[in-house]
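Single-structure report; data block below.
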Amino acid sequence: MLSYGERLGSPAVSPLPVRGGHVMRGTAFAYVPSPQVLHRIPGTSAYAFPSLGPVALAEHTCPCGEVLERHEPLPAKLALEEEQKPESRLVPKLRQAGAMLLKVPLMLTFLYLFVCSLDMLSSAFQLAGGKVAGDIFKDNAILSNPVAGLVVGILVTVLVQSSSTSTSIIVSMVSSGLLEVSSAIPIIMGSNIGTSVTNTIVALMQAGDRTDFRRAFAGATVHDCFNWLSVLVLLPLEAATGYLHHITRLVVASFNIHGGRDAPDLLKIITEPFTKLIIQLDESVITSIATGDESLRNHSLIQIWCHPDSLQAPTSMSRAEANSSQTLGNATMEKCNHIFVDTGLPDLAVGLILLAGSLVLLCTCLILLVKMLNSLLKGQVAKVIQKVINTDFPAPFTWVTGYFAMVVGASMTFVVQSSSVFTSAITPLIGLGVISIERAYPLTLGSNIGTTTTAILAALASPREKLSSAFQIALCHFFFNISGILLWYPVPCTRLPIRMAKALGKRTAKYRWFAVLYLLVCFLLLPSLVFGISMAGWQVMVGVGTPFGALLAFVVLINVLQSRSPGHLPKWLQTWDFLPRWMHSLKPLDHLITRATLCCARPEPRSPPLPPRVFLEELPPATPSPRLALPAHHNATRL
């Protein structure tokens, strides 16, 4: 047997130069030691093939997995690289930390612009349909019908995109004696439904990913489902007994209530410096039209003149009167400083421009917010946040968790003074999976309560002669939401809004166009249809509503039995297959919509043809590689 030194001196192996040297490794050279291994053996050098250049090596290679490697044989340099590894890992970590620190202020900036875009969206809807909303409120004969009042509350709140505005109009009408408290209660219920359309629109911005869209749409519609279910139960109860009217009247009579201060403008202090540069509105015009003051019908909602100390004080001047006041040199007023102050455009044109701009800003900020939240909430950070938000209190206080979430939702809504802003802000988090729908449900219920506390504080700022009726209306809003919570939250089996929202989310993730159809039906077509039927008289409404309600209850009952105990049903009723397909499936409508969109869409360019496949059998035979003159059972790595 040859010694290790004799094998090193054999003609098949030559010593390695100081730098360079090619080592052939592959299936045929599995026993060849690497230079790093040989450096650990004292008195040895690495195996190499200095006589084979790159061209010769390329000729001797074969396509069966052999790899050509270049090794650095200097152990000093290897040791230096080992010492420099921590430093090389530290630089990417510092860069990642710097990027995270930079993303936080950017995320706060986009969140600020997102809230401002919601404010501008509300202003745009008021410019486009504010006077129409005032005209709707003006007809007291319509509002005396409870169903018509409910629909009016929905449509007006959708038009002005602010339940606070619609509620303030109702309070003004009750205070002036144009509307009774009992007639205003259904309108309050309708405004509660209409305010939930904003976060549903926000959920549409996450339609790119089906999973995120399913969660976001379910989290947004849980608010709608709660409001609709509460109205379906409490509106007939109120029409039959008037319990909200009697409870609030007793509360107002039992307390010696004095006028207070205005509701604190906590969020507006931050957003108004930006939004007042875009648009300023005179909301008293809508209230005046609703209360029957026809002198302001031709006045613009765009505010022209403001007080110099506070650029919010509204004035009821048209543009022509404003220009004449400027020539008279009114020292107590100065011109407002916003983009549309001197445009001369009508309110509808300004409203449409502002609507388009606010929607673009809303979509841009929301998309960037979602992307940044995706990059920030990764790995352990997302897990920690999910555990903190979605974990219940330890037993036996598990039941307290939901009510604590309600308090948090009410507090946050009181701070931002808008349930739409709060629910729209948590909708992207629901879509990302940070907040579960089970946790978002009590947060949404708390936001419903929080927006009523703001209305109560605003009512306390009313004059003494109007305080009683204004405070009673605000309390009706509060007790309506409390009654809904008592119906649909304390007992887990009664939390139907969560199940309904999840079903809507699954259906919307499968058919994305269903979200737009849902918005049109629930907030426009169905309220308009019910409004038209109710205006024909209660006989027509009962004649149409009773069969429709019975059919709806029958379908719901059969669906529940089909999913839980189909054996109790006859075979033909265990599925809906006996009906035409369009009556129990959305696939036919989906095919029509898909064809329509494909006809309008531009054809996609064809991808270039793929290169021809080369199979292993078609490769040329491999050239045999040189072998080292080493015994098979004496590997250098085993010494």
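Cβ coordinates are placed from backbone N, Cα and C, and glycine is handled just like the others.
As annotated in Swiss-Prot, transmembrane segment covers the listed stretch 413-436 rather than the other ranges in 29-52, 413-436, 581-604. Just one residue in ASN323, ASN635 has N-linked glycosylation site written against it in Swiss-Prot, and it is ASN323. Swiss-Prot assigns ALA128 and THR575 to topological domains with different names, so the membrane separates them in that record. Per Swiss-Prot, the stretch carrying the note transmembrane segment among 215-235, 467-487 is 467-487.
In Swiss-Prot, the cysteine linked to CYS336 by a disulfide bond, out of CYS306, CYS363, CYS365, is CYS306. Look at CYS306 (disulfide bond): DSSP puts it in a strand.
Within the same chain, the transmembrane segment (104-125) stays apart from the transmembrane segment (467-487): fewer than three Cβ pairs sit under 8 Å, each pair at least 6 residues apart. Counting Cβ pairs under 8 Å that are 6 or more residues apart, the transmembrane segment (166-185) and the transmembrane segment (540-561) reach fewer than 3 and are not in contact. Tertiary neighbourhood of the transmembrane segment (146-163): same-chain residues 121-122, 124-126, 128-130, 132-133, 136-137, 169, 183-195, 197-198, 231, 235, 238-239, 286, 418-420, 451, 523-524, 527-528, 530-531, 534-535, 541, selected by CB-CB distance under 8 Å and a gap of 6+ residues from either end.
Against the transmembrane segment (348-370), the recorded stretches 413-436, 467-487, 514-534, 540-561 differ in Cβ pairs under 8 Å, and the greatest number is found for 413-436.
With a threshold of 8 Å between CB atoms, the same-chain residues lying at least 6 positions outside the topological domain 'Cytoplasmic' (371-412) that come near it are 100, 103-104, 106-107, 110, 422, 428-429, 432-436, 438-439, 441-447, 449-450, 453, 485, 489. Non-local neighbours of the topological domain 'Extracellular' (437-466) in the same chain are 163-164, 167-168, 171, 175-176, 192, 195, 215, 218-219, 222-223, 226, 257-264, 389-390, 402-403, 405-414, 417-419, 422-423, 426, 430, 473-475, 477-478, 481-482, 484-485, 489, 495, 497-498, 501-502; each lies 6+ residues outside the stretch with a CB under 8 Å from one of its CB atoms.
Ranked by CA distance from ASN298 (N-linked glycosylation site), the recorded positions CYS225, CYS306, THR508, CYS522 have CYS306 at the top as the closest.
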